[in-house]
C-alpha cells in the first residue's frame, strides 16, 4: 500500500512492541514498520540465548557497528558501539540480561526533566504488563501475565555460585538481596534474572511475541532491508517517509528513493543512532549541523543528536579450572559440546538456554569506599547519589565465559568479572554526515571518560571485582592481556597458571601510586561500550535541550513522534532493554489515547 494509518521508521524493540499492541487493539489499523535489517523468525542465532556473542563478529549483519571519533580520553582509540539492525533491534541480539533501572531514575524523568506521567508509579504497571515473571510467584513489582518470560535461564553455573559465596563471605558491608531488580533497593548481592523462557529456553524477544504471532493480521506490514531517509512534510505536518534500500545487506542495491504516506501518524523509532539522524535529514536539528550538511532548516532544535549516553564497561578475564561451567566451547564453535547442549535446550535446560551471567550487584560505596573514590568523585556523589539510596554507582558481576575476542585467547576455560559505571557523567553526540544518504556512517562522539568521576568509578570497580574473582574456587590466575601490567614488586602483580584461589582471608591488594596510574591507563585503554546507547532525542522541555515533549511529540511540527530509547532524558542504572520495552508500552498508550483506541 502507498498509504498507511501509522508509519514506524525503524523496527526495534519499542517500535515492534507498540505496533503489536496497537494492532491487537484495532486489527483494521494499517501499520507499516520499515526496518533496515532482516527478519529473525525462528533463526537459531536470535532465539537461542547463548548465541548472542555471534552478533558481535566482525562479519555480522545483525548489528550496525557505529564507529566513534578517536579520543585521547581512551588512548586514541575509536570506540565501536554495536546497535541492533534486525527486526526487534536489541531485543533480538542482546545478552538477555533482565535489568531494570532504579525507581528514582524514572521519577527523575518526571520531576527533574518535567515529564508528567513518566514517574515510576506510572511506569511500573507497564513494566508488569510486559512480563511473566517465572522466578518466584507473588512479587509485587513483577507481572505474571505478559508476553515476555523472565527466568533464571536453563542453568545456574558454578561460576555464578562461587561469585555469590565469595562476595558474601568477604564483603562485611553488604549482604544478599532477594531481587536485584525489584526497582526500589540495591547494594546487595544476588542471582541475576534473564529474558529467557524457563519452559522453552528461548529468548524473550519482541518480534516472536508481538509481531510474528499476529501474522494473520494483513494490516500489520513489515518491510525489511530498507533504510529511512527522511520524513515528508506538508507544511509543518508529517505525512510520510522516504526510504531506500539498505546497503549493508546488499552493497550494490539500487538507491532509488521510495515514498509511503501516513493518514494518522509518523513515528521515528530507529534508536539512539537512527532517530536523531532521520530528524536531521528531515530538517529538524541544530542549525549549524544542518547547514554544514546542506539540509534546509525546518526546525532549529538544538538537542537533536546531543545527550548521547552509554555505560562504560570492562569485562576482566580470568583463567578457570576445568570443572568451571562456561560458555567458551560454544563461543569457539566446538561441535561436540554444542550438540550436547542442544539436546538440553530442547527441554528448556542447559547452557544454550543461558547467557553466562548468573550473579552480580548494583553497588553503592561505603564511607571507606568514598575515600577510595577520592575528591574527583565527591561532587558527583553529593549532587547525584547521596540522597538517592536506590541508585547504584557501579555494577559488578560474574560471567561464565571469556567476554572478549575469543579468537586471540588460548583455548581453555575462562570466566570474567565485569564492572560498569551505572551513571557516567560523560556524554557524547550523534549527527549526520550527509543530507541525502542514510547509509553513510554517522558523526559519532561517544564522549567516554571525559570526566574524572568516571575514571575514579572504573578504578574502584576493578579493585572490587578482582578481590572477588581471585578468591573463587575456579580461579587459576589472571589472563594477562586483560589486566594492567603491574610491576612484579607490587602486591597487585598479576599471575597466570595458578593452582587455585587465594584464601578468603588473604590481605586486600595494596595499590601503590604507580599501580594507580597503571590502572587508570588500563581502564582508558580497555574500556568498551556496554551497548546501552540512549538519550539523543531527549524528552525534556525545549528550552533545556529537549527534542520531544512528554507525549513524545517532536517540537515545532505536528503528527510526528519519536518512540524508542533515544527519548530517555537521563540515564538508567541498568541494561537498556527493560526500559526500551517500557517506552514501547508507553508509546502504545499515548498513540491509543491520540486515536481514541482502547488497548488490551
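Yeah, the Cβs are placed from backbone N, Cα and C, and that goes for glycine too.
Keep in mind the model is a prediction, meaning the values are calculated, not measured.
Feature annotation from TrEMBL assigns FAD binding site to 228, 531, 532. Neighbour density for residue 532 (FAD binding site): within 10 A of its CB lie 24 other CB atoms from the protein chains shown.
Residues annotated as domain 'Glucose-methanol-choline oxidoreductase N-terminal' in TrEMBL: 84-107 (among others). Remote same-chain residues near the domain 'Glucose-methanol-choline oxidoreductase N-terminal' (84-107) are listed as 10-13, 15-16, 33, 35-40, 46, 49, 52, 55, 61-64, 118-120, 123-124, 127, 150, 153, 181, 183-184, 186, 192-196, 203-207, 211, 222, 224, 248, 271, 355, 357, 388, 390-392, 531, 570-581 (criterion: CB distance under 8 Å, separation of at least six residues from the stretch ends).
Across the range of the domain 'Glucose-methanol-choline oxidoreductase N-terminal' (271-285), the DSSP-based residue counts are 11 helix, 2 strand, 2 coil. Per TrEMBL, domain 'Glucose-methanol-choline oxidoreductase N-terminal' is recorded for 271-285 (among others).
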Local Cβ density at residue 228 (FAD binding site) - other Cβ atoms counted within 10 Å:
28
Go ahead and report the DSSP secondary structure tallies for the domain 'Glucose-methanol-choline oxidoreductase N-terminal' (84-107): helix first, then strand, then coil.
9 helix, 3 strand, 12 coil
Looking only at residues six or more beyond either end of the domain 'Glucose-methanol-choline oxidoreductase N-terminal' (271-285), which have a C-beta under 8 A from one in the stretch?
9-10, 12, 36, 64, 66, 83-84, 89-90, 228-231, 233, 293, 295-301, 304-305, 308, 430-432, 434-436, 438, 442, 444, 533-537, 547, 554, 556-557, 562, 564-566
Long-range Cβ environment of residue 531 (FAD binding site), under 8 Å and at least 6 residues apart:
81, 82, 83, 90, 94, 310
For FAD, whose listed binding residues are 228, 531, 532, the greatest C-alpha pairwise distance in Å:
22
